[in-house]
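Asks: Sharing a structure below in structure tokens format, with a few things to ask.
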Amino acid sequence: MSKMVGLKPSEVPPPLGVKVLSAGTAACIADLVTFPLDTAKVRLQIQGEKAAVEAAKNIRYRGVLGTIGTMVRTEGPRSLYNGLVAGLHRQMAFASIRIGFYDNVKQFYTRGKESEWNGVRRQRAGGRDGGDSVGGSPSRIGR
């Protein structure tokens with residue numbers, strides 16, 4: 001019987017490319033599930049702004065589920081996913097990088113020692129990640 005040299009298969013971390021692709025794919029799946037709810041939320045917000053201006057004379061949507069029902073009846077089910085392509089691009093571009101690089105950034109700030117993951121290093125890593133997030137915000141406009 002031969003002895004295995006090095007790391008056991010379960011201890012081998014996935015390569016960075018696999019982490020980034022997995023993170024982006026997971027974010028896209030989450031976006032597919034939540035997109036209709038977000039679309040309904042935006043419609044309700046826009047209606048609220050118009051209602052304030054027009055004194056709520058013609059309220060079309062009532063609640064999230066009512067909004068989804070109205071959209072499906074009047075515009076068809078595809079209306080729930082208007083702007084999905086921009087959302088998926090945003091997820092693959094930004095979420096994949098933020099989530100995929102998490103372990104690498106943590107390793108960088110802790111120098112490989114879990115005990116080094118103290119408050120100051122967490123703040124530095126969080127500040128870097130927050131700065132990256134600000135760059136991703138304009139992509140929400142493409143919706």
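Here the Cβ of each residue, glycine as well, is placed from N, Cα and C on the backbone.
Keep in mind that what you see is a predicted model, and the values were worked out from it rather than measured.
Feature annotation from TrEMBL assigns repeat 'Solcar' to 18-108. Positions annotated as region 'Disordered' by TrEMBL: 119-143.
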Asks: Suppose you look only at the repeat 'Solcar' (18-108); what would the mean pLDDT be?
Replies: 85
Asks: Over the span of the repeat 'Solcar' (18-108), count residues by DSSP class, listing helix, strand and coil in order.
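Replies: Secondary-structure breakdown of the repeat 'Solcar' (18-108): 79 helix, 0 strand, 12 coil.
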